[in-house]
Amino acid sequence: MIERGKFRSLTLVNWNGFFARTFDLDELVTTLSGGNGAGKSTTMAAFVTALIPDLTLLHFRNTTEAGATSGSRDKGLHGKLRAGVCYSVLDVINSRHQRVVVGVRLQQVAGRDRKVDIKPFAIQGLPTSILPTQLLTETLNDRQARVVSLNELKDKLEAMEGVQFKQFNSITEYHSLMFDLGVVARRLRSASDRSKYYRLIEASLYGGISSTITRSLRDYLLPENSGVRKAFQDMEAALRENRMTLEAIRVTQSDRDLFKHLISEATNYVAADYMRHANERRIHLDKALEYRRDLFTSRSQLAAEQYKHVDMARELQEHNGAEGDLEADYQAASDHLNLVQTALRQQEKIERYEADLDELQIRLEEQNEVVAEAVDRQEENEARAEAAELEVDELKSQLADYQQALDVQQTRAIQYNQALQALERAKALCHLPDLTPESADEWLETFQAKEQEATEKMLSLEQKMSVAQTAHSQFEQAYQLVAAINGPLARNEAWDVARELLRDGVNQRHQAEQAQGLRSRLNELEQRLREQQDAERQLAEFCKRQGKRYDIDDLETLHQELEARIASLADSVSNAQEQRMALRQELEQLQSRTQTLMRRAPVWLAAQNSLNQLCEQSGEQFASGQEVTEYLQQLLEREREAIVERDEVGARKRAIDEEIERLSQPGGSEDPRLNALAERFGGVLLSEIYDDVSLDDAPYFSALYGPSRHAIVVPDLSRVAEQLEGLEDCPEDLYLIEGDPQSFDDSVFSVDELEKAVVVKIADRQWRYSRFPSLPLFGRAARENRIETLHAERESLSERFATLSFDVQKTQRLHQAFSRFIGSHLAVAFEDDPEEEIRKLNSRRGELERALSAHESDNQQNRVQYEQAKEGVSALNRLLPRLNLLADDTLADRVDEIQERLDEAQEAARFIQQYGNQLAKLEPIVSVLQSDPEQFEQLKEDYAYAQQTQRDARQQAFALAEVVQRRAHFSYSDSAEMLSGNSDLNEKLRQRLEQAESERSRARDAMRAHAAQLSQYNQVLASLKSSYDTKKELLNDLYKELQDIGVRADAGAEERARARRDELHMQLSNNRSRRNQLEKALTFCEAEMDNLTRKLRKLERDYCEMREQVVTAKAGWCAVMRLVKDNGVERRLHRRELAYLSADELRSMSDKALGALRLAVADNEHLRDVLRISEDPKRPERKIQFFVAVYQHLRERIRQDIIRTDDPVEAIEQMEIELSRLTEELTNREQKLAISSRSVANIIRKTIQREQNRIRMLNQGLQSVSFGQVNSVRLNVNVRETHSMLLDVLSEQHEQHQDLFNSNRLTFSEALAKLYQRLNPQIDMGQRTPQTIGEELLDYRNYLEMEVEVNRGSDGWLRAESGALSTGEAIGTGMSILVMVVQSWEDESRRLRGKDISPCRLLFLDEAARLDARSIATLFELCERLEMQLIIAAPENISPEKGTTYKLVRKVFNNHEHVHVVGLRGFAAPLPEALPGTADAS
């Protein structure tokens, strides 16, 4: 039998009235007896303070303050202490006979609040010979001692071997040690437990039925159902974990989204700007180099242009000088051509005028003859017209006469008269007065002969006149010709001069005939001379272009050298062309390849980034796609292995969960059917009876009962036999044991205990050997121990499962990443680095461009040399055929000689041309000049007289002819008298008149016509004479002008002059064209020089500015790179794929990210300020600072409990994995958390039943307690009706309320609270939440109503209330309740403490005077029976018969107050024996 631990003594050091006092405590009752103020309450206060050193609970008041909530300012402790160090120490001997000293060090704290400082401590292993006062005080002399400090105590104890001193910083640790060592009955884990314990002590101290205890009897007496409570706590904890998981998911999602958003946008914002500055820096460097190259190139071009300008200016000056000479020569040639053309036109005019003059002379002679003939005819016509007119007049007169007579006679008379008139006119004209009509015929013949004679004479004179006129005109003509050729001369000299002119003309004609040959010869020589001069000019120009003077003999050799050079240069140029084409083709191929690579580079870089991420994630290095696919296969295999291991761990975890759930069943029933059968049979499960068995005894009892440890203990087997028939819903083996469940023991078996085994003699012939199980599950302690082990294993498995799930998720994500990589990037990831190839190509391109530039320069030089050589060969080709000309020095002299001869010939030709016709005309008539015809005038006069004579003869002959014609009329002489009677004559006269008038009309018409013709002939003659004279004058003028011109007007002169002019014009045009070209080239060269100068200045300015920018940017870039490298973000920011974007695209990308970042960091003041500062484009390093700030902010946000990295980018990956794991864990947990309402009702009902049985067992211990009229005390436990109805609904009608329990929005507690409110709508829940109500409903204690009843006299069982009992009865009843609570605590804590520990039991009772002797005896009996210690305080007149009594007397000596203590053991003995150590030690 295990002995119960006991408190040995209480020691007070430096308390008010007690300097160093040790009270030895009795094993049962210790009585403190003394008057008022003797120190009884101080002693008990010291004991309580040592037990519960909690200043928040300690409140020592006297009985006058009973029920008060506030007392003195120091709550009764500060005033009980003296200044300095104070101690209250308990000396305990526990069940293991270990001495344990526990206590507190107290010290007053100065101040108005009167506070006290308390330090608990414990001493183990102290020898029994050492008293507590010896440790706590130090003797100074026989009369003095001092209190040691806590440190000195510690040093003193550490010096003792085997003694352990422990100082506690918390009350919980202090009480934990006291519980483990059996000093207190209950583990006081929390302030609530300490408060309950203190309230218990306080109720014991002050006595009576404490309302605090009775109102909370359920909390004091009913233990928390560890199984039910644990199940519901696990469920609620799981729900809380579920919510935490949900919150973790939400936070993880939020963090992931935030991390993703911030990292992506910040990376885009900063990396775009970073790469833009990097690109701009590279571009600026390239531009600076390009500007420098352009600067040097422009300088060389400017120098070349300046040299070229000087050469062209010199050549232009030469051409300007030559142009004046050429213009003068051209003007002279043009003037000469004009003169030649004028002379030719003059010569043509002369020839034309000469021809016209010859023609006019012929026409004039002809016209003179025509005019003469016309004059003769005119005279005849005039005579005929006059005769006709006369006849008409005569006839008219006759007719008039005849008309007057109106007869023939009249007419004849008229005719006769007219005949007479004609006769008279003939007589007058012919001077023939004797003329008669009859002699008229004779005279007519005579006069006609005379007329004929006159006509012949006139014709003869006319012939003579013509001959004379011809001779006269020939002489005049010859004379005029001689005068025209020789000039004015005497008529007598004409003959000699004419002969001289004719002889000179023959010579001149001979010379003129040679002019054509001379002109041809001269033209040929002049052409050769011009060719010679042109060749000399070309030679001079060639020498000038060649820059060297060459002899004529060296030109052929030079021609061969130039041809050889041309051939060489042509081959070089051809090869250069091919080489240039090859270089350009290679350059184009490089550029095309570069463009292709630049397009492929971002794809390759993205593939490399993905590959690097895969390498970082996998920790592997991949050199080919085959390795990637092989690693993917390894990943698949690893994933399958991890999934298999995870599933195995998950299955083991689920098995453990099931085992934990099975072990957590109340009563230890692993099969829920057993609970139903036990309830049905009215029995109790054997495991429930042994539920409180200790952990050490569990293997024994498990082996003792063997398979029957799941048996049902029933009061009577006979009653169960009837129910066994037809029983199906039961285990295969059902054990039933007959016995009393309240007093069941293991006496039903005969057992022999072996080493770790038992032999159970079931019958005489049947034994069962059972070994102790290695994992016993019999009893609540064993099950809880197993559950703890399973929980630990489950935690390990959960951690392993989480790790495996994480690894699986990571592997799956890695597999997905590899799959994405294979699908998107495998084709290009392992190709050669395009950027490296681009760098090589750029280097090669630079070499090609330099080679091409050098080649272009060389080719340009070769081309210039080739063109120069070609021009030289072309010039030599023109010069070589003219070498003979260049060597001919006499050509100019011969040209001058031929020119002189030609001039003479041309002079002769001009003479012949001018006077050739005159000489030709003069030559046949030159002989007429020998004599001058002087009789021409006399001949002219004779001819005129002959003409007049002929005209007179003609008139006479006509008149006679008219008379002859009218001769018949003379016979009408007799008719004149008969005018009125002769109508025939009138008619004849009329007819004759008409004939005469018609004749007259014809004569007039003929005369008029001939007169007009004559006038016309005269006009023509005058016109011809005038024209002849004019042309003669003009011809003379033309000859004079031709002489004035002084130019030979031969046939080839114009052609030569035009050829010369054209040649000079061509030379002038060529010169002007060249000059214009030079001027334009010079202007262009000057403009080019100006442009180059401006370009040079601009390039110098741009180069300086760009260099300054490069230098400035370099400083900023160095700061940026220093920040980047110091913070290790270069890998994040240097995104090479961005290098292929334009500045506008990067700026747009940065601006978009900036807008998103402004929204993202709007709630973060620090990041918002850093972002605003980073927007300065002139300070790129601030963007890096912002990026670093973002990373730092994200690192601080990383939850290190779930993410094992400091890198936010890696944190995103782990967040993704953790998110998947948490989601899966949430799903699994939700499946596990589905708890059955029926099982909840069964658990609660079973727990209530067990606790009711336990309370009944506690009541058995109080049946014999009596105080005054109280004969017995008991606890009554009932189930509340509202809660009983809830249990019934949960177990039987739960399907009607599945809307609550299946709701995802309600926890089980909340659903239970809602159901309770639905079943009891009349109950006001107040301000409590459904969760709080539900948690209360899950506690079985809230289902029970407990009240204390007393059996008092004749009243029977009454509710224990202070008003219905006397003070002593109330004190006794309250003490009974407290004893029951303590016993209940011990039972509850038995499984938590070692089986060899039985805790101390001690209660207090102040003011025991209220109890009578019988009641005190009852207390003594109760203490003895329950092995409980009791400390009571009683007045001096109370002296118990048993136990130990201390008499306390407070005395004052020399102003020092002390308590005198005398200890007595009982009053039954005749002579009381003083206890040791009771001397006054004040």
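Using the three backbone atoms N, Cα and C, a Cβ is placed for every residue, glycine included.
As stated in Swiss-Prot, the feature coiled coil covers range 780-805 out of the listed 728-753, 780-805, 1352-1377. The most crowded of the binding-site residues listed here (GLY34, GLY35, GLY37, GLY39) is GLY39, judged by how many other CB atoms sit within 10 Å of its own CB. Per DSSP, the secondary structure of the region 'Flexible hinge' (666-783) breaks down as 42 helix, 26 strand, 50 coil.
Compute the center of the Cβ atoms of GLY34, GLY35, ASN36, GLY37, ALA38, GLY39, LYS40, SER41, which mark the site for ATP; besides them, the chain residues with Cβ within 8 Å of that center are LEU32, THR42, ALA1433, LEU1448, ARG1450.
Secondary structure at GLY37 (ATP binding site), taken from DSSP and collapsed to helix, strand or coil, is coil. Here the binding-site residues are ASN36, SER41, and the one with the most other Cβ atoms within 10 Å of its Cβ is SER41.
For LYS40 (ATP binding site), the same-chain residues that are 6 or more apart in sequence and have a Cβ closer than 8 Å to its Cβ are LEU32, SER33, GLY34, ASP1406, ALA1433, LEU1448.
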